[in-house]
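Per TrEMBL, active site is recorded for HIS185, ASP236, GLU245. Per TrEMBL, the feature domain 'Glycoside hydrolase family 9' maps to 6-257.
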Amino acid sequence: NYNDCLRQFVCPFYCYWSGFQDELAWGALWLYKATHQPSYLEILNKYNNYVTYAVEFGWDNKDAGINVLTTIELLSKGSSLSKHLPNEGEDYQNPTSVNYSEGGLMHKPVGSNLQVAGAISFITLVYALHLDGAKQSIQCPDGTNVTPQRMVAIAKSQVDYILGNNPLGMSYMVGYGNKFPTRIHHRASSVPSLDQHPQQMHCKDGSPYFQTSNPNPNLLTRAVVGGPDINDQFADARVYFKASEPTTYINALLPGLFAYFSHNT
């Protein structure tokens with residue numbers, strides 16, 4: 001498997017901590033959606049016991065995505081997927097499932113907090129739009145009725161936080177707003193460009209640029225970094241890579257969120 005074959009190269013940073021079964025279930029569900037071949041449902045059934053109601057969606061754990069996509073299929077036309085009907089949307093509203101910082105940022109202990117806020121907000125928004133189309137809402141165990149409009153508002157609150165509506169008044173998107181991260185953990189952003197440094201630069205030659213407290217010479221425009229901690233504090237320094245690194249898995253789902261609210265606010 002992935003860990004055993006690539007452990008020396010990927011661990012501990014990119015080991016799969018949640019197992020590989022969720023990825024197989026996730027792939028089978030998409031293939032079923034595209035083809036409606038029963039064989040893919042059989043694969044989904046095989047691995048469904050490994051899927052939890054965890055409010056997590058990212059490169060390691062696909063559980064929330066599986067649950068929401070299953071529900072969307074049921075809302076759209078119904079199918080033999082009914083045995084997989086999740087309560088994922090209810091968990092979004094459950095304070096034991098997702099913690100919030102005092103400033104309003106979703107938080108789970110995964111390192112880069114905006115990965116969590118962005119991913120959960122994205123699938124919350126997608127789920128809400130499908131619920132709205134089906135004229136349905138979520139009935140929580142305590143009797144609370146959560147409308148699609150409330151879910152959209154939750155997603156928007158996270159987008160607003162990322163773009164500057166937070167205790168530090170900082171946008172976590174590079175180049176957006178008057179205050180944003182300037183010392184991001186990114187080699188091409190932190191070392192001089194060819195115009196400034198035409199000589200060949202070897203691997204270790206970048207160390208002085210990594211260690212300096214000066215702002216990066218090149219703006220990685222519109223990249224979103226890992227973001228603040230549970231106390232809404234942010235260290236704008238390359239060495240704190242969990243906070244200052246603009247990874248692809250942080251940024252992957254954000255364009256969808258930004259595009260929606262750009263056209264619907």
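Glycine is treated like the rest: Cβ placed from N, Cα and C.
All TrEMBL annotations are machine predictions without curation.
Shown here: features listed in TrEMBL, placed on the structure.
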residue	record	CB count, 10 Å
HIS185	active site	22
ASP236	active site	18
GLU245	active site	17
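GLU245 (active site) sits 5 Å from HIS185 (active site), taking the Cα positions as reference.
Cα-Cα distance from ASP236 (active site) to HIS185 (active site): 9 Å (rounded to the nearest whole number). In the predicted model, residues of the domain 'Glycoside hydrolase family 9' (6-257) average a pLDDT of 86. Classification of HIS185 (active site) by DSSP places it in coil, neither helical nor stranded.
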